[in-house]
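Per TrEMBL, the feature transmembrane segment maps to B:12-32, B:44-67, B:94-118, B:130-156, B:162-182, B:213-233, B:245-262, B:269-287, B:293-310.
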Amino acid sequence: MSAEPSMPLNEATVEARGVHRGFFGNPVLKGVDIALRPGRVHALLGENGAGKSTLINLLSGALLPHAGEVIVDGGSVSRFSPEAARRAGIAVVQQELSLVSELSIAENIGLGAYPRRFGLVDYGALAEGVEQVCRLVGIQENRGTPISALPLGRRQMVEIAKALFRRPRVLILDEPTSSLSAHEAGVLADLVLRLRDEGLAVLYISHRLNEVLALCSHVTVLKDGVVTADRSLAGVSPDELVRLMVGRDAEHLFPSWSPVAGKEIVRLEGFCAGSARDVSFHARRGEVVGVGGLVGQGQEDFLQGLYGAVAARAEAVSIAGSASLPKSVEAANALGIAYVPADRKRESLVLTHSIAINLALPSIGRLARGWSRSRHAEAELVSDLSARLAIKGDPARPVQALSGGNQQKVALAKWLPLKPAILLLNDPTRGVDLDTKREIYRMLRALAADGTLVVLMSSDTPELVHLCDRVYVFREGRVSGVLAHGTISEEAIVGAALGLPERKAA
Amino acid sequence: MNRSLVTRVAAHPWVLTLVLVALVWIVAGFTLRGFGSWGHLRYLLELSAVIGIVAAGQTLVVIAGGIDLSVGAVMTVSAILLPLLSPADDPTGLAGIGATLAIATGIGILNGAGAAYLRVPPIIMTLAMATFLQGLLIIVAGGSAVSVSNPAVIWLGSARPLGLPAGVILWILVSAATLYALHRTPFGARLMAIGANPIASRLSGLAVDRASVRLYSASGFLAGVAGILLLGMNRQGYAGIGDPYLLSSIAAVVLGGTSILGGRGTYAGTVPGAILLVTSTALITVVNASPGWRSIMFGSLILALLLVSGREARR
C-alpha cells in the first residue's frame, strides 16, 4: 500500500500558485494551484484538453504563466526558464520521445549533460553515470546500441534513464507506461516507489487509473483549466475519480433531434488498420455514430482505413454496397465515402489557393465537359456552397485568409456536392469558435436526417454525448465499449476510455 | 491607377518577364546594329523554341512540386536515336519520329513511376535516369556524331511556312496545348493543388500517383520533341547536344514566375522566360569575351534576372 507518511508536510520543492495561461486569447489554465512535495507521488488527472500538458510546460519552464507564479523551494522565480527548471532539478519525461535515433543509448542518456574534461567529452565518466542509471531502470542492452534499434517500450525506459542521469529532485512522468509492456511497467512502478522513498517529488500523469491508485498518494484533477480536486487518494474509488474528471454543464450548443435509423450501410468484423485492431463495427444510414476515447488509441487509423488512405483488412466487410474495403481514396470517393481530416492546414486544404478552388477540387472532374473545365458550373457550385454554409469572404481570396471556423466549413463543404453516403469526420470542431461549432452540429444532424451515415470521431466528449446515436469507444486500438442511445454519458465514455469494467446503465 | 497596375503585375510575375523581354529587345534594337532586323529576331525565336518546348514539360513538373533533371539527356537520346530509328524506305520520315517520341515518353513514364510508386525523390530519380541514359548513349553511339537524313526532321529544322520557322510554329502549337492543359482542364487544376499540398490533394481524392506518371511522361515527350527540333536545326546529333538545355529549361520556368516549390505558376511566363534567356546569351556573345568568361557572365546573368523577376515571395 502506498501509505503517505503521516508526518507534517514537507515544503514543496516546486509549486505553481494561481497560474493562468492561454493561447491566442483562448484560456487553457485559469488559476491553477499545484504543489509537488518531496517523498510523494502526485497524480495529475484530466480529460483531453483539460490543460495537463500546459501545466507540465509551466512547471518545466517551457512556457511562462500569464499570471500567477512558480515557486521553487519556497522562493518565487520571476522568469522560470527551462534553464532555471534544470537548475532547480526538475526533469520531465515527455510523451513524445525526445531521443536522437542515430545516437547510442549512452550518448542519448548523457545528451546535453556530458561530463567534460579539458573541454572534451569525458567518456569514462559518462559511461560510469550511464551504467548507474541503466541498472536503475533495468536496461540490459549494450550501451552502444543505437536508439533506432530499440523497440518503443525500451526507448521509453532510456528516456526515463536520461531524466534520472541529471539527478533530479522533481521527476515529471507524462504517460510513461503508454508504450511499455506489463513487465516494463512493473519495473517502472518499483522504480517510482524507490525514488519516492529516496525523497524525490514525482508528478505522475496517466490515464490508467489502476496505476494511479497503486502508485500515487495525492491527486490533482484538472477540468477545463480549473482544479476540481486536490486531495489525498486514500479511500478514493475509480468511479469517484472519473466523476471528478467530467461533469460539466451541457451547453446549449446542440440541436435537438430524434433517431431515424435507416438501412444498414456498414458492417465490419475483425477490421484492422494501422494501430486499430480487430474492430467490429456496424451502422445505419441516418445515424450519427461517435468514435471516442483518449487521443491516439487507433481512432484515426480506423477512419483512414475505411477511407482507403491507410492499408486495412477485415474478416467480413459490407460497406456502401461493396463487399470489400476501398483500396484507395478514389475508390472510397466512388463508393460515396468522404473524409474530413483533423489537421485542416496540412491534410484538408490547399492553403495558398483560393476558397473557390478548394471548394471545387473534388468536383472539378465531374463538372468538366469533355476535356475542359466548366468555369460556369464551378462558379455556380462555389456560390451555392458558400451560401449554404454561410462562408464569408470573396471566393477568389486564398483560403488561408479565413478564420479557423470558416476554413473548417470549406473543408466540410467541398464534400457536399458528392452527396456522400458515409461522411467520416476527424475532430471537426477542434480550434473552431462556438458559433461555427453550432452550425457544424446542426449540419451533421441535417445530413443524417437526409440519410447520410455520419461517423464523428471527437476528442470533445460532450459532442459525443449530445450529438450521437451510438458511440464506439477505443482503447489501445480496440473497441472497449459501444454505448447505445440512452446510455451515453461522459462518465460512461471516460470509463470505457480508461478501461474500467462497464457498468449497467440505470 | 498606378498603384493598381503595380499590384496587378506583382500578382502576375509573368507579366514582368514579358515587360523585361520587350525592354531588352527595344534597347538592344536601338543600340546594336543588326539586332533589330527581322532575320535576327527570327533566329532568336527559333533558338527560344527549343528551350520553350523542353521547358513546357518542365513547367508542368515544377508546378506539381517535382523537377525533371533528365530532360537534357532525353533530348540527346532523341537526337542520336532518331537517325538510327528512321527506316530508309520511309519517304515521310514520320515513322522515325514516332519511334523516337515513344522512347522519350517511355523514359518519362519510368521517371514518373519511380517517383510515384517507388517513392524515389524526383530529383534523385531523374538525375539517375540522366546518368543512366548518358552511359547507354556512349555504348550505342560511341563518341561519334550522327547525321540526319530524315526528311521530316530536316523540314522541321529549315522550312518557313508563312514566313515563320517551322520550329517556331511548332512552339506556338505546344504553347497553346500547354496553356490549355494547365488552365482549362481538370488535370491542370489538380497539378496546382498537388504541387501546393500533396497530402490534402490525396485525401481530397486526387489520383496523385497517376498524375505524376502522366506529368513526367509529358515532360519526356516534350523533351523528345525539343531534341528532334534541335537535331533538325543542327543536322547532326552527338553526345552532350542536349546538356545545356537542362539548366535553361529550369531557368526559363523560374524566370517566368513559376514557384520552384510548386503549386503556383503558368507557362505564360515560361515563354518570355525562354526568349529572355536566349536574348541574354546572344548579347553576351556580342561582347568579345573568352568562352570561360561568357559562361561566368551567363551564370551571373541568370542569377541577376532571378533576383529581379523570379524571386520566391516570402510565405
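Using N, Cα and C of the backbone, Cβ positions are placed for all residues, glycine too.
Predicted, not measured: the structure shown is a model, and the values here were computed from it.
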(request) With the transmembrane segment (B:44-67) as the reference, find which of B:94-118, B:130-156, B:213-233, B:293-310 contributes the most Cβ pairs under 8 Å. (result) B:213-233
(message) Before we move on, state whether the transmembrane segment (B:94-118) and the transmembrane segment (B:213-233) share at least 3 Cβ pairs under 8 Å, counting only pairs 6 or more apart in sequence.
(response) yes
(request) Using a Cβ cut-off of under 8 Å, list the residues of the same chain at least 6 residues beyond the transmembrane segment (B:293-310) that approach it. (result) 13, 16-17, 20, 247, 251, 254-257, 276-277, 280-281, 284-285, 287
(request) For the transmembrane segment (B:130-156) and the transmembrane segment (B:213-233), decide whether they are in contact, meaning at least 3 CB pairs lie under 8 A, counting pairs 6 or more apart in sequence. (result) yes
(request) Determine which residues of the chain contact the transmembrane segment (B:213-233) at the Cβ level, with the cut-off under 8 Å and only residues 6 or more beyond its ends counted. (result) 46, 49-51, 53-54, 56-58, 60-61, 64, 66, 68, 70-72, 74-79, 82-83, 97, 100-101, 103-109, 111-113, 115-116, 122, 126, 148, 153-158, 167, 170, 174, 187, 191, 241-242, 245
